[in-house]
(Lines of atoms letter the chains of each structure in order from A and count residues from 1; the text may use other names and numbers.)
(Lines give C-alpha, C1' and ligand atoms only; values in the text may rest on other atoms or scores of the structure.)
Protein backbone atom coordinates (compact mmCIF):
# COMPACT_ATOMS: atom_id res chain seq x y z
CA UNK A 1 0.00 0.00 0.00
CA UNK A 2 2.82 2.40 0.92
CA UNK A 3 4.53 1.81 -2.44
CA UNK A 4 1.28 2.24 -4.33
CA UNK A 5 0.50 5.55 -2.64
CA UNK A 6 4.03 6.78 -3.15
CA UNK A 7 3.75 5.95 -6.85
CA UNK A 8 0.42 7.76 -7.08
CA UNK A 9 1.91 10.80 -5.36
CA UNK A 10 4.78 10.89 -7.85
CA UNK A 11 2.39 10.54 -10.78
CA UNK A 12 0.18 13.30 -9.39
CA UNK A 13 3.19 15.56 -9.03
CA UNK A 14 4.35 14.80 -12.55
CA UNK A 15 0.87 15.57 -13.88
CA UNK A 16 0.77 18.85 -11.97
CA UNK A 17 4.17 19.90 -13.31
CA UNK A 18 3.11 19.05 -16.84
CA UNK A 19 -0.21 20.93 -16.56
CA UNK A 20 1.53 24.02 -15.16
CA UNK A 21 2.83 24.87 -18.64
CA UNK A 22 -0.72 25.33 -19.93
CA UNK A 23 -2.06 28.83 -19.41
CA UNK A 24 -5.38 29.20 -17.63
CA UNK A 25 -8.42 31.11 -18.81
CA UNK A 26 -10.66 31.26 -15.76
CA UNK A 27 -14.25 32.35 -16.34
CA UNK A 28 -16.39 33.21 -13.32
CA UNK A 29 -20.12 32.81 -13.96
CA UNK A 30 -22.53 34.70 -11.68
CA UNK A 31 -25.64 32.55 -11.46
CA UNK A 32 -27.94 35.51 -10.72
CA UNK A 33 -27.31 36.87 -14.24
CA UNK A 34 -30.29 34.73 -15.28
CA UNK A 35 -32.54 37.24 -13.50
CA UNK A 36 -31.41 40.24 -15.57
CA UNK A 37 -34.10 41.62 -17.88
CA UNK A 38 -34.29 41.47 -21.66
CA UNK A 39 -31.06 41.02 -23.58
CA UNK A 40 -29.14 41.12 -20.30
CA UNK A 41 -30.43 37.70 -19.22
CA UNK A 42 -27.54 35.23 -19.13
CA UNK A 43 -27.92 31.51 -18.54
CA UNK A 44 -25.64 28.51 -18.48
CA UNK A 45 -26.40 27.96 -22.15
CA UNK A 46 -24.77 31.33 -22.96
CA UNK A 47 -21.34 30.43 -21.55
CA UNK A 48 -18.69 30.18 -24.32
CA UNK A 49 -17.25 27.04 -22.75
CA UNK A 50 -14.69 26.51 -25.50
CA UNK A 51 -13.02 29.83 -24.64
CA UNK A 52 -12.29 28.88 -21.00
CA UNK A 53 -10.07 26.32 -19.30
CA UNK A 54 -11.86 26.73 -15.95
CA UNK A 55 -15.42 27.92 -15.33
CA UNK A 56 -16.45 28.78 -11.79
CA UNK A 57 -20.09 28.76 -10.69
CA UNK A 58 -20.64 31.63 -8.25
CA UNK A 59 -21.62 31.38 -5.37
CA UNK A 60 -22.36 29.01 -2.57
CA UNK A 61 -22.03 30.12 1.05
CA UNK A 62 -21.53 28.97 4.63
CA UNK A 63 -24.29 28.45 7.20
CA UNK A 64 -24.33 30.58 10.34
CA UNK A 65 -24.65 27.81 12.90
CA UNK A 66 -22.93 24.58 11.92
CA UNK A 67 -20.53 25.96 9.28
CA UNK A 68 -21.67 23.75 6.42
CA UNK A 69 -22.23 24.48 2.75
CA UNK A 70 -25.14 26.86 2.20
CA UNK A 71 -26.94 26.78 -1.13
CA UNK A 72 -27.88 30.44 -1.50
CA UNK A 73 -30.49 30.07 -4.26
CA UNK A 74 -31.95 26.56 -3.86
CA UNK A 75 -34.73 27.18 -6.38
CA UNK A 76 -32.30 28.06 -9.16
CA UNK A 77 -29.38 25.85 -8.18
CA UNK A 78 -31.23 22.70 -7.08
CA UNK A 79 -34.92 22.78 -8.03
CA UNK A 80 -34.13 24.05 -11.54
CA UNK A 81 -30.93 21.96 -11.76
CA UNK A 82 -28.53 24.89 -12.03
CA UNK A 83 -25.63 22.93 -10.54
CA UNK A 84 -26.23 19.78 -12.60
CA UNK A 85 -26.86 21.66 -15.84
CA UNK A 86 -23.57 23.45 -15.29
CA UNK A 87 -21.43 20.38 -14.61
CA UNK A 88 -23.16 18.43 -17.39
CA UNK A 89 -21.33 20.71 -19.85
CA UNK A 90 -18.31 18.51 -19.17
CA UNK A 91 -19.71 15.79 -21.40
CA UNK A 92 -19.11 17.95 -24.48
CA UNK A 93 -16.05 19.76 -23.07
CA UNK A 94 -14.04 17.14 -21.14
CA UNK A 95 -10.88 19.24 -20.93
CA UNK A 96 -12.59 22.11 -19.10
CA UNK A 97 -12.76 22.22 -15.28
CA UNK A 98 -16.17 23.06 -13.81
CA UNK A 99 -15.70 24.43 -10.30
CA UNK A 100 -17.77 26.22 -7.68
CA UNK A 101 -16.87 29.30 -5.62
CA UNK A 102 -17.75 29.76 -1.97
CA UNK A 103 -18.03 33.25 -0.56
CA UNK A 104 -18.22 36.50 -2.48
CA UNK A 105 -18.60 40.05 -1.22
CA UNK A 106 -22.26 39.71 -0.24
CA UNK A 107 -21.50 36.74 2.03
CA UNK A 108 -19.47 38.95 4.33
CA UNK A 109 -16.58 37.73 6.46
CA UNK A 110 -17.84 37.02 9.98
CA UNK A 111 -19.33 33.59 9.12
CA UNK A 112 -16.04 32.51 7.60
CA UNK A 113 -14.07 33.80 10.55
CA UNK A 114 -16.31 31.74 12.84
CA UNK A 115 -15.96 28.68 10.60
CA UNK A 116 -12.15 28.63 10.59
CA UNK A 117 -11.77 29.53 14.27
CA UNK A 118 -12.05 25.97 15.60
CA UNK A 119 -10.87 22.72 14.09
CA UNK A 120 -14.31 21.20 14.71
CA UNK A 121 -16.08 23.81 12.56
CA UNK A 122 -13.40 23.58 9.89
CA UNK A 123 -13.91 19.82 9.74
CA UNK A 124 -17.68 20.30 9.54
CA UNK A 125 -17.23 22.62 6.58
CA UNK A 126 -14.73 20.33 4.85
CA UNK A 127 -16.96 17.27 5.21
CA UNK A 128 -19.83 19.28 3.79
CA UNK A 129 -17.72 20.50 0.86
CA UNK A 130 -16.57 16.98 0.00
CA UNK A 131 -20.15 15.75 0.04
CA UNK A 132 -21.34 18.71 -2.04
CA UNK A 133 -18.66 18.34 -4.73
CA UNK A 134 -19.40 14.63 -5.03
CA UNK A 135 -23.14 15.11 -5.23
CA UNK A 136 -23.10 17.74 -7.98
CA UNK A 137 -19.97 16.49 -9.76
CA UNK A 138 -17.86 19.64 -9.53
CA UNK A 139 -14.14 19.58 -10.35
CA UNK A 140 -13.01 21.63 -7.38
CA UNK A 141 -13.54 24.56 -5.05
CA UNK A 142 -12.60 28.23 -5.29
CA UNK A 143 -12.28 30.05 -1.96
CA UNK A 144 -13.60 33.60 -2.26
CA UNK A 145 -13.56 34.73 1.36
CA UNK A 146 -13.44 38.53 1.33
CA UNK A 147 -11.30 38.77 3.41
CA UNK A 148 -9.48 36.80 6.15
CA UNK A 149 -8.42 39.05 9.01
CA UNK A 150 -10.47 42.01 7.79
CA UNK A 151 -11.68 43.76 10.95
CA UNK A 152 -13.79 46.11 8.81
CA UNK A 153 -15.68 43.07 7.51
CA UNK A 154 -16.17 41.20 10.79
CA UNK A 155 -12.93 39.26 10.64
CA UNK A 156 -10.55 38.28 13.43
CA UNK A 157 -6.82 38.64 14.02
CA UNK A 158 -6.48 34.84 14.12
CA UNK A 159 -7.99 34.44 10.63
CA UNK A 160 -4.58 34.58 8.97
CA UNK A 161 -3.35 31.36 10.58
CA UNK A 162 -6.75 29.68 10.56
CA UNK A 163 -7.33 30.36 6.86
CA UNK A 164 -4.05 28.62 6.09
CA UNK A 165 -5.11 25.66 8.26
CA UNK A 166 -8.38 25.47 6.32
CA UNK A 167 -6.55 25.43 2.99
CA UNK A 168 -4.14 22.74 4.19
CA UNK A 169 -6.96 20.60 5.55
CA UNK A 170 -9.02 20.99 2.38
CA UNK A 171 -6.00 19.97 0.31
CA UNK A 172 -5.52 16.82 2.38
CA UNK A 173 -9.19 15.95 2.14
CA UNK A 174 -9.21 16.45 -1.64
CA UNK A 175 -6.15 14.25 -2.12
CA UNK A 176 -7.72 11.50 -0.07
CA UNK A 177 -10.90 11.58 -2.17
CA UNK A 178 -8.71 10.96 -5.21
CA UNK A 179 -10.83 12.68 -7.86
CA UNK A 180 -8.24 15.25 -8.88
CA UNK A 181 -10.24 18.15 -7.47
CA UNK A 182 -8.58 21.54 -7.73
CA UNK A 183 -8.36 24.06 -4.91
CA UNK A 184 -7.99 27.74 -5.81
CA UNK A 185 -8.61 31.09 -4.15
CA UNK A 186 -9.65 34.58 -5.22
CA UNK A 187 -7.41 37.06 -3.41
CA UNK A 188 -6.85 40.83 -3.10
CA UNK A 189 -3.66 42.66 -4.00
CA UNK A 190 -3.67 45.48 -1.44
CA UNK A 191 -0.71 45.12 0.91
CA UNK A 192 -2.70 45.71 4.08
CA UNK A 193 -5.11 42.90 3.15
CA UNK A 194 -2.23 40.51 2.57
CA UNK A 195 -0.65 41.47 5.88
CA UNK A 196 -3.96 40.91 7.69
CA UNK A 197 -4.99 37.59 6.26
CA UNK A 198 -2.61 35.74 3.93
CA UNK A 199 0.48 33.58 4.56
CA UNK A 200 1.53 34.04 0.95
CA UNK A 201 4.29 31.43 0.38
CA UNK A 202 2.41 28.67 2.16
CA UNK A 203 -0.91 29.40 0.44
CA UNK A 204 0.73 29.50 -2.97
CA UNK A 205 2.26 26.11 -2.29
CA UNK A 206 -1.05 24.53 -1.27
CA UNK A 207 -3.35 26.06 -3.89
CA UNK A 208 -3.46 25.07 -7.55
CA UNK A 209 -3.85 28.68 -8.61
CA UNK A 210 -4.16 32.15 -7.08
CA UNK A 211 -6.86 34.27 -8.74
CA UNK A 212 -5.76 37.85 -8.08
CA UNK A 213 -8.70 40.26 -8.04
CA UNK A 214 -6.82 43.02 -9.83
CA UNK A 215 -9.88 45.24 -10.18
CA UNK A 216 -12.08 47.41 -7.96
CA UNK A 217 -8.85 49.21 -7.04
CA UNK A 218 -10.82 52.46 -7.24
CA UNK A 219 -14.49 53.18 -6.70
CA UNK A 220 -16.95 55.64 -5.23
CA UNK A 221 -15.52 54.88 -1.78
CA UNK A 222 -12.25 56.58 -2.80
CA UNK A 223 -13.92 59.97 -3.21
CA UNK A 224 -12.73 60.63 -6.77
CA UNK A 225 -13.36 59.34 -10.29
CA UNK A 226 -10.82 56.94 -11.77
CA UNK A 227 -10.38 53.74 -13.75
CA UNK A 228 -10.53 50.76 -11.39
CA UNK A 229 -7.95 48.43 -12.94
CA UNK A 230 -4.97 50.62 -13.95
CA UNK A 231 -2.03 48.58 -15.17
CA UNK A 232 0.65 50.96 -13.88
CA UNK A 233 1.10 53.81 -11.40
CA UNK A 234 0.01 57.23 -12.69
CA UNK A 235 1.27 60.71 -11.70
CA UNK A 236 -1.85 61.46 -9.64
CA UNK A 237 -1.62 58.24 -7.59
CA UNK A 238 -0.64 59.13 -4.02
CA UNK A 239 -0.46 57.58 -0.57
CA UNK A 240 -2.38 54.29 -0.41
CA UNK A 241 -3.05 54.41 -4.15
CA UNK A 242 0.58 54.70 -5.18
CA UNK A 243 1.05 50.92 -5.35
CA UNK A 244 -2.60 50.02 -5.92
CA UNK A 245 -2.33 49.01 -9.57
CA UNK A 246 -2.19 45.70 -11.41
CA UNK A 247 1.56 45.65 -12.06
CA UNK A 248 2.62 46.54 -8.52
CA UNK A 249 -0.07 44.35 -6.97
CA UNK A 250 1.05 41.22 -8.81
CA UNK A 251 4.66 42.05 -8.06
CA UNK A 252 3.75 42.26 -4.37
CA UNK A 253 2.46 38.68 -4.44
CA UNK A 254 5.72 37.57 -6.03
CA UNK A 255 7.78 39.62 -3.58
CA UNK A 256 6.01 37.93 -0.68
CA UNK A 257 6.95 34.51 -2.04
CA UNK A 258 4.35 33.38 -4.57
CA UNK A 259 5.72 31.79 -7.77
CA UNK A 260 4.75 33.65 -10.92
CA UNK A 261 3.35 30.45 -12.44
CA UNK A 262 0.69 30.25 -9.71
CA UNK A 263 -0.73 33.75 -10.33
CA UNK A 264 -3.80 34.30 -12.51
CA UNK A 265 -4.51 37.95 -13.32
CA UNK A 266 -8.06 39.27 -12.99
CA UNK A 267 -9.63 41.18 -15.88
CA UNK A 268 -12.94 42.97 -15.16
CA UNK A 269 -15.64 42.74 -17.80
CA UNK A 270 -17.38 45.70 -16.15
CA UNK A 271 -16.74 49.33 -15.28
CA UNK A 272 -17.00 51.48 -12.17
CA UNK A 273 -19.11 54.60 -12.63
CA UNK A 274 -19.32 57.88 -10.73
CA UNK A 275 -21.53 60.94 -10.39
CA UNK A 276 -19.42 64.09 -10.58
CA UNK A 277 -19.82 67.00 -8.21
CA UNK A 278 -22.32 69.63 -9.29
CA UNK A 279 -20.70 72.24 -11.51
CA UNK A 280 -17.51 70.21 -11.92
CA UNK A 281 -16.18 70.76 -15.44
CA UNK A 282 -12.99 68.76 -14.88
CA UNK A 283 -13.48 65.32 -16.41
CA UNK A 284 -9.94 64.03 -15.98
CA UNK A 285 -8.64 61.17 -13.87
CA UNK A 286 -9.02 61.87 -10.16
CA UNK A 287 -11.70 64.51 -10.53
CA UNK A 288 -14.11 65.33 -7.70
CA UNK A 289 -17.32 63.35 -7.34
CA UNK A 290 -20.58 63.51 -5.44
CA UNK A 291 -19.72 60.69 -3.05
CA UNK A 292 -23.16 60.75 -1.46
CA UNK A 293 -24.65 59.58 -4.78
CA UNK A 294 -23.01 56.19 -4.19
CA UNK A 295 -21.68 55.99 -7.74
CA UNK A 296 -22.97 56.54 -11.25
CA UNK A 297 -26.57 56.01 -12.31
CA UNK A 298 -27.65 52.35 -12.56
CA UNK A 299 -27.44 50.79 -16.02
CA UNK A 300 -30.57 49.14 -17.50
CA UNK A 301 -29.65 45.46 -17.08
CA UNK A 302 -27.31 45.12 -14.10
CA UNK A 303 -29.28 47.86 -12.30
CA UNK A 304 -26.59 48.62 -9.72
CA UNK A 305 -25.37 52.06 -8.67
CA UNK A 306 -21.75 52.64 -9.68
CA UNK A 307 -21.50 49.49 -11.80
CA UNK A 308 -21.90 48.90 -15.56
CA UNK A 309 -21.37 45.67 -17.50
CA UNK A 310 -19.18 45.98 -20.57
CA UNK A 311 -22.14 45.46 -22.91
CA UNK A 312 -23.97 48.31 -21.14
CA UNK A 313 -20.95 50.58 -21.61
CA UNK A 314 -20.23 49.83 -25.25
CA UNK A 315 -23.87 50.23 -26.31
CA UNK A 316 -23.92 53.65 -24.67
CA UNK A 317 -20.43 55.09 -25.08
CA UNK A 318 -19.65 53.77 -28.58
CA UNK A 319 -23.01 54.75 -30.02
CA UNK A 320 -22.98 57.48 -32.66
CA UNK A 321 -24.21 60.86 -31.40
CA UNK A 322 -24.46 59.48 -27.86
CA UNK A 323 -22.97 62.61 -26.34
CA UNK A 324 -20.30 60.61 -24.51
CA UNK A 325 -16.63 61.59 -24.72
CA UNK A 326 -14.17 58.69 -24.63
CA UNK A 327 -10.63 59.13 -23.30
CA UNK A 328 -7.56 56.95 -22.68
CA UNK A 329 -5.44 56.68 -19.53
CA UNK A 330 -1.95 56.72 -21.02
CA UNK A 331 -0.17 55.34 -17.95
CA UNK A 332 -2.93 53.10 -16.60
CA UNK A 333 -3.71 51.73 -20.08
CA UNK A 334 -7.50 51.82 -19.61
CA UNK A 335 -10.34 53.77 -21.24
CA UNK A 336 -12.79 56.07 -19.50
CA UNK A 337 -15.74 58.12 -20.70
CA UNK A 338 -17.96 60.93 -19.46
CA UNK A 339 -21.19 62.71 -20.24
CA UNK A 340 -22.73 65.41 -18.09
CA UNK A 341 -22.28 64.35 -14.47
CA UNK A 342 -21.70 60.68 -15.37
CA UNK A 343 -18.19 59.19 -15.55
CA UNK A 344 -17.15 55.55 -16.09
CA UNK A 345 -13.78 53.76 -16.14
CA UNK A 346 -13.59 50.27 -17.66
CA UNK A 347 -11.78 47.77 -19.90
CA UNK A 348 -12.21 47.46 -23.66
CA UNK A 349 -10.57 45.31 -26.37
CA UNK A 350 -7.55 47.62 -26.56
CA UNK A 351 -6.84 47.58 -22.82
CA UNK A 352 -7.45 43.83 -22.54
CA UNK A 353 -5.02 43.19 -25.40
CA UNK A 354 -2.36 45.18 -23.56
CA UNK A 355 -2.91 43.24 -20.35
CA UNK A 356 -2.65 39.90 -22.16
CA UNK A 357 0.73 40.85 -23.61
CA UNK A 358 1.82 42.02 -20.15
CA UNK A 359 0.78 38.67 -18.58
CA UNK A 360 2.90 36.78 -21.10
CA UNK A 361 5.83 39.12 -20.56
CA UNK A 362 5.64 38.55 -16.80
CA UNK A 363 5.25 34.77 -17.07
CA UNK A 364 2.02 34.49 -15.09
CA UNK A 365 -0.25 31.46 -15.11
CA UNK A 366 -3.04 33.08 -17.08
CA UNK A 367 -6.03 35.39 -16.94
CA UNK A 368 -9.40 35.25 -15.24
CA UNK A 369 -12.47 37.38 -15.62
CA UNK A 370 -15.18 38.62 -13.38
CA UNK A 371 -17.47 37.89 -14.98
CA UNK A 372 -18.14 36.04 -18.23
CA UNK A 373 -21.80 37.13 -18.20
CA UNK A 374 -20.81 40.81 -18.59
CA UNK A 375 -19.02 40.46 -21.92
CA UNK A 376 -20.96 41.59 -25.01
CA UNK A 377 -22.38 38.08 -25.35
CA UNK A 378 -25.28 39.22 -27.55
CA UNK A 379 -23.05 41.07 -30.00
CA UNK A 380 -24.84 44.35 -29.34
CA UNK A 381 -21.73 46.34 -30.30
CA UNK A 382 -20.35 44.01 -32.98
CA UNK A 383 -19.04 40.45 -32.66
CA UNK A 384 -20.18 38.31 -29.75
CA UNK A 385 -17.96 37.85 -26.69
CA UNK A 386 -15.16 40.15 -27.88
CA UNK A 387 -13.30 40.34 -24.56
CA UNK A 388 -13.13 36.63 -23.75
CA UNK A 389 -12.03 36.00 -27.34
CA UNK A 390 -8.99 38.19 -26.69
CA UNK A 391 -8.17 36.25 -23.53
CA UNK A 392 -8.49 32.98 -25.44
CA UNK A 393 -6.44 34.19 -28.42
CA UNK A 394 -3.48 35.06 -26.23
CA UNK A 395 -3.64 32.47 -23.48
CA UNK A 396 -4.41 29.43 -25.66
CA UNK A 397 -1.17 29.94 -27.59
CA UNK A 398 0.94 30.85 -24.56
CA UNK A 399 3.13 28.43 -22.61
CA UNK A 400 3.69 29.38 -18.98
CA UNK A 401 7.43 29.54 -18.22
CA UNK A 402 9.05 28.28 -15.00
CA UNK A 403 8.80 30.77 -12.13
CA UNK A 404 11.45 33.36 -11.51
CA UNK A 405 12.45 33.68 -7.87
CA UNK A 406 14.44 36.89 -7.67
CA UNK A 407 13.27 39.84 -5.53
CA UNK A 408 11.53 37.61 -3.01
CA UNK A 409 11.53 39.09 0.49
CA UNK A 410 12.04 36.39 3.17
CA UNK A 411 9.19 36.09 5.66
CA UNK A 412 10.29 37.31 9.12
CA UNK A 413 10.49 34.55 11.74
CA UNK A 414 7.70 36.12 13.79
CA UNK A 415 5.35 36.18 10.80
CA UNK A 416 5.81 32.57 9.75
CA UNK A 417 2.95 30.15 10.35
CA UNK A 418 3.44 26.94 12.34
CA UNK A 419 5.24 24.14 10.51
CA UNK A 420 3.21 21.93 8.21
CA UNK A 421 3.54 18.15 7.75
CA UNK A 422 5.18 16.56 4.75
CA UNK A 423 3.89 14.67 1.76
CA UNK A 424 2.29 11.35 2.77
CA UNK A 425 4.76 9.41 0.64
CA UNK A 426 7.39 10.37 3.23
CA UNK A 427 5.41 8.93 6.13
CA UNK A 428 2.62 6.52 6.90
CA UNK A 429 0.14 5.88 4.07
CA UNK A 430 -3.31 7.40 4.00
CA UNK A 431 -6.05 4.80 4.62
CA UNK A 432 -8.16 4.25 1.53
CA UNK A 433 -10.74 1.87 2.97
CA UNK A 434 -13.07 2.19 5.94
CA UNK A 435 -13.32 -0.24 8.83
CA UNK A 436 -14.23 0.16 12.47
CA UNK A 437 -12.13 2.74 14.31
CA UNK A 438 -11.77 2.57 18.10
CA UNK A 439 -12.80 5.64 20.03
CA UNK A 440 -9.66 5.86 22.11
CA UNK A 441 -6.03 6.18 21.06
CA UNK A 442 -5.42 6.28 17.34
CA UNK A 443 -2.05 7.85 16.58
CA UNK A 444 0.08 8.50 13.51
CA UNK A 445 3.65 9.68 13.04
CA UNK A 446 4.54 11.72 9.97
CA UNK A 447 8.05 12.72 8.95
CA UNK A 448 7.94 16.37 8.01
CA UNK A 449 9.56 19.48 6.65
CA UNK A 450 8.21 22.98 7.16
CA UNK A 451 6.99 23.51 3.63
CA UNK A 452 4.86 20.64 2.37
CA UNK A 453 1.47 19.49 3.55
CA UNK A 454 0.45 16.00 4.59
CA UNK A 455 -2.74 14.41 3.36
CA UNK A 456 -4.53 12.78 6.30
CA UNK A 457 -7.72 10.75 5.94
CA UNK A 458 -11.02 12.52 5.40
CA UNK A 459 -14.27 11.02 6.64
CA UNK A 460 -16.90 10.13 4.07
CA UNK A 461 -20.35 11.34 5.05
CA UNK A 462 -23.97 11.10 4.03
CA UNK A 463 -24.43 13.54 1.18
CA UNK A 464 -28.10 14.12 1.80
CA UNK A 465 -27.66 15.13 5.44
CA UNK A 466 -24.62 17.36 5.09
CA UNK A 467 -25.67 20.10 2.70
CA UNK A 468 -28.00 22.88 3.75
CA UNK A 469 -30.11 24.25 0.95
CA UNK A 470 -31.61 26.85 3.29
CA UNK A 471 -30.20 28.64 6.31
CA UNK A 472 -32.06 26.47 8.88
CA UNK A 473 -29.59 24.42 10.94
CA UNK A 474 -29.23 20.74 10.09
CA UNK A 475 -28.21 17.82 12.32
CA UNK A 476 -24.49 17.28 12.67
CA UNK A 477 -23.25 14.67 10.13
CA UNK A 478 -22.02 11.31 11.39
CA UNK A 479 -18.72 10.35 9.73
CA UNK A 480 -18.11 6.78 8.74
CA UNK A 481 -15.46 4.91 10.75
CA UNK A 482 -11.91 4.95 9.45
CA UNK A 483 -9.07 2.46 9.34
CA UNK A 484 -7.18 1.98 12.59
CA UNK A 485 -3.57 3.09 12.32
CA UNK A 486 -1.00 1.34 14.55
CA UNK A 487 0.27 3.43 17.46
CA UNK A 488 3.69 5.04 17.13
CA UNK A 489 6.69 4.44 19.30
CA UNK A 490 5.96 7.66 21.20
CA UNK A 491 2.84 6.72 23.14
CA UNK A 492 0.38 9.61 23.41
CA UNK A 493 -3.29 9.51 24.30
CA UNK A 494 -5.04 10.30 21.01
CA UNK A 495 -8.29 11.20 22.72
CA UNK A 496 -6.40 13.73 24.85
CA UNK A 497 -5.01 15.36 21.71
CA UNK A 498 -8.35 15.54 19.92
CA UNK A 499 -10.31 16.67 22.97
CA UNK A 500 -7.94 19.55 23.61
CA UNK A 501 -8.88 23.12 22.75
CA UNK A 502 -5.34 23.69 21.50
CA UNK A 503 -4.48 23.29 17.82
CA UNK A 504 -0.85 22.43 18.61
CA UNK A 505 0.34 20.21 21.48
CA UNK A 506 4.06 19.71 22.19
CA UNK A 507 5.38 16.16 22.37
CA UNK A 508 6.21 15.24 25.96
CA UNK A 509 9.42 13.39 25.10
CA UNK A 510 10.85 15.09 22.01
CA UNK A 511 11.52 18.82 21.70
CA UNK A 512 11.41 18.76 17.89
CA UNK A 513 7.98 17.14 17.64
CA UNK A 514 4.41 18.25 18.21
CA UNK A 515 0.89 16.89 17.76
CA UNK A 516 -2.29 18.01 16.00
CA UNK A 517 -5.73 16.50 15.72
CA UNK A 518 -6.55 16.03 12.03
CA UNK A 519 -9.99 14.74 11.12
CA UNK A 520 -10.40 13.19 14.56
CA UNK A 521 -6.98 11.51 14.50
CA UNK A 522 -3.89 12.45 16.53
CA UNK A 523 -0.96 13.07 14.19
CA UNK A 524 2.65 13.76 15.12
CA UNK A 525 4.74 16.24 13.12
CA UNK A 526 8.48 16.96 13.18
CA UNK A 527 10.40 20.23 12.91
CA UNK A 528 13.30 20.64 10.53
CA UNK A 529 16.68 19.42 11.73
CA UNK A 530 18.23 21.79 14.25
CA UNK A 531 14.97 23.42 15.33
CA UNK A 532 12.56 22.72 18.17
CA UNK A 533 8.88 23.37 18.77
CA UNK A 534 8.25 26.75 20.43
CA UNK A 535 5.31 26.18 22.77
CA UNK A 536 4.49 29.86 23.15
CA UNK A 537 4.45 30.75 19.45
CA UNK A 538 3.37 27.35 18.04
CA UNK A 539 6.20 27.41 15.50
CA UNK A 540 9.42 25.53 14.88
CA UNK A 541 12.16 27.82 16.18
CA UNK A 542 15.82 27.94 17.17
CA UNK A 543 16.60 26.13 20.46
CA UNK A 544 17.76 29.40 22.03
CA UNK A 545 14.20 30.70 21.71
CA UNK A 546 12.58 27.64 23.24
CA UNK A 547 10.16 28.19 26.11
CA UNK A 548 10.83 24.72 27.59
CA UNK A 549 14.12 24.74 29.48
CA UNK A 550 14.98 21.17 28.48
CA UNK A 551 14.69 22.17 24.81
CA UNK A 552 17.03 25.16 24.90
CA UNK A 553 20.07 23.10 23.91
CA UNK A 554 20.27 21.68 20.34
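Heads up, the Cβ atoms here are built off N, Cα and C, so glycines get one too.
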Candidate sharing the chitin site with 76, 77, 103, 104, 105, 106, 213, 214, 215, 216, 370 (per Swiss-Prot), from 42, 147, 336, 338: 147
Residue 103 (chitin binding site) - helix vs strand vs coil (DSSP): strand
Secondary structure content, the domain 'Chitin-binding type-2' (495-553) (per DSSP, counts of residues): 10 helix, 20 strand, 29 coil
Site of maximum Cβ density within 10 Å, from binding-site residues 105, 147: 147
Under 8 Å by Cβ from residue 146 (active site, proton donor), counting only residues of that chain that are 6 or more apart: 103, 104, 105, 107, 109, 153, 186, 188
Local confidence of the prediction over the domain 'Chitin-binding type-2' (495-553), expressed as mean pLDDT: 76
Cα-Cα distance, maximum over 76, 77, 103, 104, 105, 106, 147, 213, 214, 215, 216, 370, record's chitin binders, Å: 30
Winner by Cβ contact number (other Cβ atoms within 10 Å) across the binding-site residues 76, 103, 214, 216: 214
